[in-house]
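Asker: Annotations per TrEMBL:
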type	residues	note
DOMAIN	1-190	domain 'Tetrapyrrole methylase'
BINDING	Leu9, Asp84, Ala87, Ser112, Ile113, Leu169, Ala210, Gln235	S-adenosyl-L-methionine binding site
Amino acid sequence: MLTFIGLGLFDEQDISLKGLQAVQAADLVYLEFYTSYLMGTTIEKMEELYGKQIIRLMREDVEQNPEWLENAKTQNVVFLTGGDTMASTTHVDLRIRAKDMGIETRLIHGASITSAVFGLSGLQNYRFGKSVSIPFPYVSSRGNRVVTETPYDTIKFNLENGLHTLVFLDINSEHGYMTVQEALSLLLEVEEKRQEGIMEYQIAIGIARAGSDTVSVKADFANNIDAFDLGEPLQILIIPGKLHFIEAEALVKLAGAPNRLLEDFE
Ligand SMILES: C[S@@+](CC[C@H](N)C(=O)[O-])C[C@H]1O[C@@H](n2cnc3c(N)ncnc32)[C@H](O)[C@@H]1O
C-alpha cells in the first residue's frame with residue numbers, strides 16, 4: 001500500500017490526525033521537499049512528533065527512478081509532501097506508476113496554498129484563471145541571461161478575460177526561495193522589453209508564510225516593489241483581474257491596498 005499524505009502549510013503540527021495515524025502505522029516513511037517546504041519545522045522535529053524515521057527523496061528519486069516504490073508492494077509505505085500532495089505537483093505520475101505495479105494507493109489530504117490564498121486575499125476562487133510558476137532566470141548555452149516570458153503571457157491572457165492569476169514562486173537548490181519582490185521585478189523586466197503595458201496601474205497581492213502566526217498579506221501597485229518586502233519565505237503572488245466590490249473591499253481593509261481601488265465602484 002502507498003499512502004500519499006499532504007502535510008499542510010507550515011510546520012509539523014499541520015498534518016491531519018488521519019495523516020499522523022497513517023505515518024505512525026507505516027513501515028517506511030518517505031518525504032519530498034522540492035515542490036514545497038514546511039518553513040516552520042525540520043525533519044528532526046517531524047521525526048520526533050511522528051515517532052518515525054523519515055527518508056528524504058530528491059527530485060530524481062521521485063520523477064526519474066522511484067526504486068523505493070517497489071517497497072510498497074509488500075510494505076505499508078507513506079509519501080509526504082508539503083501542502084496537499086496532488087495540488088501543483090506531478091505526483092499523480094507516481095500514483096499511476098504504482099497502479100501499473102499493482103500497488104494499492106490512497107490519498108490523505110492536507111491544507112494547500114492553492115486554497116489558503118482565497119481566505120487570505122479575499123479573492124473568490126471561481127474568479128481565477130490558469131495558474132503559473134515563475135522560475136529563476138537561467139544562463140543559456142550562449143551565456144545569455146534568460147527570463148522566461150510564459151508567466152507574463154499567462155497573466156496577460158487572464159487579465160484580458162477578467163480573471164485573477166495565482167503565481168507560484170520558484171524553489172531551487174541554487175537560488176533558494178523566490179520572493180514576491182523578485183517575481184515582480186522579473187515581470188516588470190518582461191514588461192519593459194515587450195512594452196505591452198499590462199503591469200501599468202496593475203495591483204499585485206503578495207502573501208508570505210501562509211499557515212503560520214506571522215502570515216503577511218500585502219496588496220499594492222505592482223511597480224511599488226518596496227511595498228512587497230514580506231520577510232521570510234515561502235511567498236506567493238496573485239495578480240488580480242477584474243475585481244468584485246467585496247474583493248476590492250477585502251484588499252483595502254485586510255491587505256492594505258490603496259483606497260483608490262474602491263473609487264471604481266463609486
Ligand atoms: C509548487 S507549489 C506546491 C503547492 C503544495 N502542493 C500545496 O498544496 O500547498 C509551491 C509554491 O507555493 C507557494 N507556497 C507554498 N506554501 C506556501 C506558504 N505556506 N506560504 C506562501 N506560499 C506558499 C510558494 O510559492 C511555493 O514555491
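Every residue number used here counts from 1 along the chain in the order it is shown.
Cβ atoms are placed via backbone N, Cα and C, with glycine included.
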Asker: Around Leu9 (S-adenosyl-L-methionine binding site), which residues of its chain at least 6 apart sit with Cβ under 8 Å of its Cβ?
Answerer: Leu38, Gly82, Gly83, Gly110, Ala111, Ser112, Ile113, Ala116, Ala210, Gly211, Ser212
Asker: If you draw a 10 Å sphere on the Cβ of Ala87 (S-adenosyl-L-methionine binding site), how many other Cβ atoms land inside?
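Answerer: Excluding its own Cβ, the number within 10 Å is 20.
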Asker: Please report the number of other Cβ atoms within 10 Å of the Cβ of Asp84 (S-adenosyl-L-methionine binding site).
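Answerer: Within a 10 Å radius of the Cβ of Asp84 (S-adenosyl-L-methionine binding site) lie 25 other Cβ atoms.
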Asker: Would you work out the biggest C-alpha to C-alpha distance among Leu9, Asp84, Ala87, Ser112, Ile113, Leu169, Ala210, Gln235, the residues that bind S-adenosyl-L-methionine according to the record, and give it in angstrom as a whole number?
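Answerer: So the maximum pairwise Cα distance among the S-adenosyl-L-methionine binders is 17 Å.
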